[in-house]
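Asker: Just lifted these from Swiss-Prot, have a look:
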- 1-36: region 'Disordered' (REGION)
- 43-63: transmembrane segment (TRANSMEM)
- 102-122: transmembrane segment (TRANSMEM)
- 131-242: region 'VTT domain' (REGION)
- 138-160: transmembrane segment (TRANSMEM)
- 188-208: transmembrane segment (TRANSMEM)
- 216-236: transmembrane segment (TRANSMEM)
- 251-271: transmembrane segment (TRANSMEM)
Amino acid sequence: MAKKRAGNRETESSPLVEQEPRPSKETPVPKGAQSPGGASARMSILLLVVIFACSACVMYLVFRNFPQLSEDEREKIKIPKDMEDAKALGTVLSKYKDTYYTQVLLAYFATYIFLQTFAIPGSIFLSILSGYLYPFPLALFLVCLCSGLGASFCYMLSYLVGRPMVYKYLTERAQKWSQQVDKHREHLINYIIFLRITPFLPNWFINITSPVINVPLGVFFLGTFLGVAPPSFVAINAGTTLYKLTTAGEAVSWNSLLVLGVLAVVSILPVCFQKKLQQKLE
């Protein structure tokens, strides 16, 4: 009898051993939750550090080809953290801009893209600085191009190594934004432009979650290039009076905020009109 009971226990317990674990309904696993190659969050961080180190080496080479600077000038060549740093940097760059035009432009271009790619604060000061260093049309094109390229590089970086981190630390926010993107899938460029003009979502969040929720790279770049133009217009215009500013907040006036609000509404109007037209036709 004892043997028979033992046999029954083994037969009853065996299906439990062989049964495959099912994912919990409370924490659904997102589609494609693993990055290519099934890299873990730890491996992704390691790859990110390696890519950052390589990019920093490129930045070092760019600034190594900079003209010979005095000791005092060398101390001012750094990523601006406040308006005083931006003024000091503007003084040095304006001195060498005419003689070493290509080197200064390349250094500005590379630095802006570097900051955008790795979501490092400071690009707002470079936008203001462009208005001080260059003619307005060139400054606006330069800032829009750098923002578009830098954000696209951040997008690709997130696509390659950032997915595990997004799923681990930003799952809930990414899922909420994914639902919003699905609602505007037919008018995604207008939606990206609207988000870039308005402060509803941080730019770094848009950059790193867009590849995870399947925003196409082409749409992402174009929406960013066009969407950053209005805020950049304000910053560049403020750069013409750089030395009168004491903080970055002074670059934005009530008039400029009103203009940005109007442009944000204009960017989303075609979507509203098309939806109303579709409702009437139906």
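Start at 1 and count along the chain as shown; that gives each residue its number.
Cβ coordinates are placed from backbone N, Cα and C, and glycine is handled just like the others.
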Asker: What residues in the same chain, six or more past the boundaries of the transmembrane segment (102-122), come closer than 8 Å to it by Cβ-Cβ distance?
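Answerer: Sequence-remote neighbours of the transmembrane segment (102-122) are 52, 55, 58-59, 62-63, 65-67, 79-81, 93, 96, 129-130, 133, 142-143, 146-147, 149-151, 153-154, 157, 203-204, 207-208.
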Asker: Counting each residue once, how many in the region 'VTT domain' (131-242) are helix, strand and coil under DSSP?
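Answerer: Output for the region 'VTT domain' (131-242) reads 93 helix, 0 strand, 19 coil.
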